[in-house]
Structure formats: structure tokens, C-alpha cells
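Features as listed in Swiss-Prot:
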BINDING   K13, F14, S15, G16, G56, R60, T164, Y170, D173  ATP binding site
BINDING   G55, D76, T137, G138, N139, P140, F141, F142, T143, T144  UMP binding site
Amino acid sequence: MQAKIKNKRVLVKFSGEALAGDNQFGIDIHVLDHIAKEIRSLVENDIEVGIVIGGGNIIRGVSAAQGGIIRRTSGDYMGMLATVINAVAMQEALEHIGLDTRVQSAIEIKEICESYIYRKAIRHLEKGRVVIFGAGTGNPFFTTDTAATLRAIEIGSDLIIKATKVDGIYDKDPNKFKDAKKLDTLSYNDALIGDIEVMDDTAISLAKDNKLPIVVCNMFKKGNLLQVIKHQQGVFSMVK
């Protein structure tokens, strides 16, 4: 992959399901530790890092509302709280290995974390702290992909990284189809109109309107995040 990326501030987004590891629910401590060490390698190379984590390892708002008992709005708020749980867990993992970390929530939970204030978030980043953004956008009906894109734009990230279990963007699910073809680069429009799953349309449209590159890469390959960001190498795909 030859696409050039030169940046100092990034936002890394990964799913809550990734935290569960091979389990279907909860947080795998080994996965948490691996991610923390990958983030540390970025900080040690003078990269300012913001993080958004999904909450699907605990609850998903859409799924919670399917039974008809829990309304979608309430289900989404439950999902936001799940992301705060994951954010606090990641904060603990990062601080355990020596990284100064702050959690900022879009919903006020002052006993646990700071409320989201973008100027304060930027100041934390400038001081070398990792900032984890919890509770999505603070509004129902918006995904954590959209929240991640929004936060990336607000804090002036050079790109948003969607860290996954695969090596990039494929024309179909590589876990199901052996003939899946990896796409190194993709336009915003192609990502919007095609059947290729990158992010939801709202997130991609936000990125397009603000010329924010989207990078999809494998977070489970040791050192890959740093290779992608710092050295313009590694295995990844880009939407731009």
C-alpha cells in the first residue's frame, strides 16, 4: 500500500465486540492489554490519540429494542452507557502501562469521568494524554461510527482509523468468502453507494464533507497501527 499518510493526531475506533475476544460477551483482559500496548506504541512515537469504543460486547440498542419491550430510544441510551463501561476499562488498561488517560462522556457522569468539552479534549491531547470518548454522540439513533467521525472532526484529527479483525476493506466478507478481494483505496462515493461495509452512511458522509480520510486496518497484528500511521506502511485500506 503506497498511500501517504502524514499526521500527528488520530482517532482510533474499534468495536465493543472486539473487546470480548473469542467470547460472546464482556471484556477479554488479554485483548484489552493488547490494544493498550498498541496505543502506547503510538504515544511513544509522538502521535496524539483519541479513542472511541463501541458497546456491542455488553448491549446494542437496536438489538435491545427488537423484542418490543424496550423502546429504541431507551435501548440506544443503554448502549451509550455500555460504551462508558468499555471506556473506563480501557482507561484502566492504558494507565496500568503508564499512559495518562482521560475519559470524556457525551452524557454527564461526573463521578466517573469528565463531560465532553472539545477544547478540553484538545488540551489533553496536546499534553500527550490519551482521550477516550464515551456515550456516543449523546443522542439516540446515531452509531458509534458516526460518533467517532464526529469527534475526529471536532478535535482536528488527520484521519480516523477503524481498527478491525481484518486487513482492510474487501468486496465481500473475507471470513465467509475465500475469493474476497481486498480494496486498497476507495472513494467516499463508492463507499456510500456500494454494498461494501465500511461505516454507516452518516459517518461516511460526515467524513466526506470534512475531507477526513478513513483507514481500515487489522488491530490484532502487532505493530500494524504504528506502521500505518507513522511509516505509511503496514496492511490497510483507505477511503478518501
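Even glycines carry a Cβ here, placed using N, Cα and C.
This view paints the features noted in Swiss-Prot onto the structure.
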residue: K13; record: ATP binding site; DSSP (3 states): strand
residue: G55; record: UMP binding site; DSSP (3 states): coil
residue: T137; record: UMP binding site; DSSP (3 states): coil
residue: T143; record: UMP binding site; DSSP (3 states): coil
residue: T164; record: ATP binding site; DSSP (3 states): strand
residue: D173; record: ATP binding site; DSSP (3 states): coil
TODO: In whole Å, could you give the widest CA to CA gap in the ATP site formed by K13, F14, S15, G16, G56, R60, T164, Y170, D173?
DONE: 25
Task: Longest CA-CA distance among G55, D76, T137, G138, N139, P140, F141, F142, T143, T144, per record bound to UMP, angstrom - done: 15
TODO: List the Cα distance (Å, whole number) between G56 (ATP binding site) and T137 (UMP binding site).
DONE: 16
Open item on the list: Using a Cβ cut-off under 8 Å and a sequence separation of 6 or more, which residues in the same chain sit near G55 (UMP binding site)?
Closed with: G16, G79, M80, L81, A82, T83, I85, N86, T144
Task: Environment of G55, D76, T137, G138, N139, P140, F141, F142, T143, T144, the listed UMP site - residues of the same chain whose CB lies within 8 A of the CB centroid - done: G61, G79, M80, G136, T146, A147
TODO: Looking only at C-alpha atoms, tell me how far T143 (UMP binding site) is from S15 (ATP binding site), rounded to the nearest Å.
DONE: 11
Open item on the list: Given a separation of at least six residues and a C-beta threshold under 8 Å, show me what packs close to T164 (ATP binding site) in the same chain.
Closed with: F14, S15, A18, V216, C217, N218, M219
